[in-house]
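Chemist: Sharing a structure here in structure tokens format.
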Amino acid sequence: MSPRLDAAQRVVIKIGSALLVDKATGEVNRPWLDALAGDVARLHAAGKEVILVSSGSIALGRRVLKLPRTRGPRLEEAQAAAAAGQIRLAGAYVDALKPHGISVAQILLTPEDTERRRRYLNARATLQTLLKLRAVPVINENDTVATQEIRFGDNDRLAARVSVMAGADVLVLLSDIDGLYTADPTTDPLARFIPEVPEITAEIEAMCGTTRTDVGTGGMVTKIMAARIAVAGGCSMVITSGKVLAPVAALQRGARATWFPAAKSPAAARKQWIAGTLKPTGRLVVDAGAARALKDGRSLLPAGVTAIEGSFEKGDTVVIADAAGHELARGLASYGADEARRIQGRNSRDIEVVLGYRGRDVLVHRDDLVLTG
Ligand SMILES: Nc1ncnc2c1ncn2[C@@H]1O[C@H](COP(=O)(O)OP(=O)(O)O)[C@@H](O)[C@H]1O
Ligand SMILES: N[C@@H](CCC(=O)OP(=O)(O)O)C(=O)O
């Protein structure tokens with residue numbers, strides 16, 4: 001049994017190129033993908049939300065463009081291959097999930113999209129909407145525009161960033177290996193299996209060689225880096241073998257796996273991040289009604305804001321204070337300072353008229369808000 005997976009509401013599954021692309025033919029391994037689609041459908045039927053992070057565009061595109069199948073093509077070739085392969089990759093997911101009545105939506109991200117707050121918030125909002133609509137986002141790195149210096153290059157860390165961005169409870173890394181060992185088991189016969197890593201120490205990091213498969217790029221090193229990102233963001237991570245049909249069902253039945261449990265929930269980790277680690281760049285003064293609403297766990301509407309100080313951009317952290325100057329909360333602003341000033345004191349209905357576009361109804365959403373006073 002896997003109680004952590006059973007308890008999860010939002011699950012991210014990372015699929016490496018080595019699993020999805022048949023090494024001999026350079027094509028999608030259909031039986032495997034069809035079985036994975038069964039996994040996704042079962043999770044969906046259990047009411048969970050599923051996000052897939054899938055590699056494979058470069059491996060698939062190499063065949064389409066008749067590039068050599070060996071590893072390490074030049075960056076331009078890899079980018080061209082990704083452009084040709086991504087269509088097939090996304091199409092393969094559409095085909096596999098269609099019989100289950102599940103819609104697929106593609107999102108291609110660069111590291112910047114997960115780092116720059118404005119883009120991060122937009123990507124996050126899109127993800128949330130897709131999940132609300134019960135679609136399955138299929139995410140990959142935007143390899144055609146990402147240059148070498150700014151690329152993730154591996155989808156392990158991309159998957160971890162996506163997991164934190166989406167507030168996922170569990171990230172499942174499907175690999176060619178069933179978990180973490182004390183050393184690379186493919187070369188060290190004395191390597192012992194580790195079922196759980198409560199803390200990622202230097203000793204754990206030292207266990208990971210740099211061995212890489214023919215078509216994958218990650219190795220164990222990037223999986224440990226991914227675990228750090230996920231766990232810090234409140235998302236538990238698990239590495240298990242994807243070399244079986246329906247690997248998630250296998251995990252649920254107790255297949256071997258290494259867990260990296262998160263101490264906090266995604267929401268708690270996020271709130272801690274908002275409350276503690278960011279330097280507020282602005283200040284919103286609110287009236288008594290808005291102060292009460294915040295205490296009741298509601299969002300901050302522009303109507304309750306009486307003054308705005310400082311200069312901040314959409315997505316920046318702002319302090320929310322009462323008329324007497326006491327800090328009540330901190331949160332991420334849905335609008336930059338200039339726009340916030342224009343809608344301050346106004347009813348949310350008027351936002352479209354004032355700004356000329358239909359933005360968010362709230363100045364700080366309750367998910368982005370933490371009470372500090
Ligand atoms: N300590 C370790 N425990 C498990 N695997 C390890 C370890 N050190 C190195 N490896 C290697 O990492 C490989 C997994 O990485 P990789 O093949 O790149 O996965 P993926 O394609 O799923 O990203 C394993 O096959 C194994 O050879
Ligand atoms: N994003 C690229 C490559 C990323 C990749 O292979 O990552 P991984 O599966 O973690 O080794 C692709 O789709 O081909």
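Glycine is no exception: its Cβ is also placed from the backbone N, Cα and C atoms.
Take a look at what TrEMBL says about it:
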BINDING   K14, S175, D176, T217, G218, G219, M220, V221, T222, K223  ATP binding site
BINDING   S55, D143, N155  substrate binding site
DOMAIN    282-364  domain 'PUA'
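For each feature listed, report its degree of burial, its nearest neighbours and the pertinent distances within the displayed model.
Modeler: A C-beta separation below 8 Å, combined with a sequence spacing of at least six in one chain, links K14 (ATP binding site) to L52, V53, S54, N155, D156, A159, L171, V172, L173, L174. Classification of K14 (ATP binding site) by DSSP places it within a strand.
Here the Cβ of S55 (substrate binding site) has 30 other Cβ atoms within 10 Å, regardless of which shown protein chain they belong to. DSSP assigns S55 (substrate binding site) to coil in the three-state reduction, outside any helix or strand.
Secondary structure counts, DSSP: the domain 'PUA' (282-364) has 26 helix, 24 strand, 33 coil.
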Chemist: By a simple count of other Cβ atoms within 10 Å, which of D143, D176, the binding-site residues in the record, is least packed?
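Modeler: Sparsest of the binding-site residues D143, D176 by Cβ contacts within 10 Å: D176.
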Chemist: Between D176 (ATP binding site) and S55 (substrate binding site), what C-alpha distance do you get in Å?
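Modeler: Cα-Cα, rounded: 14 Å.
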Chemist: Scan K14, S55, N155, D176, M220, T222 for binding-site residues whose C-beta lands under 6 Å from an atom of ligand 1 and note them, or write none.
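Modeler: Near the molecule: D176, M220.
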Chemist: Please report the distance from the Cα of T222 (ATP binding site) to the Cα of S55 (substrate binding site), rounded to the nearest angstrom.
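Modeler: With distance taken Cα to Cα, S55 (substrate binding site) is 14 Å from T222 (ATP binding site).
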Chemist: Which of the three DSSP states, helix, strand or coil, fits N155 (substrate binding site)?
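Modeler: Going by the DSSP assignment, N155 (substrate binding site) falls within a helical segment, counted as helix.
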Chemist: Widest Cα span across the substrate binders S55, D143, N155, in Å?
Modeler: 11
Chemist: Around ligand 2, within a Cβ distance of under 6 Å, which of the binding-site residues K14, N155, D176, M220 show up?
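Modeler: Within range of ligand 2: N155.
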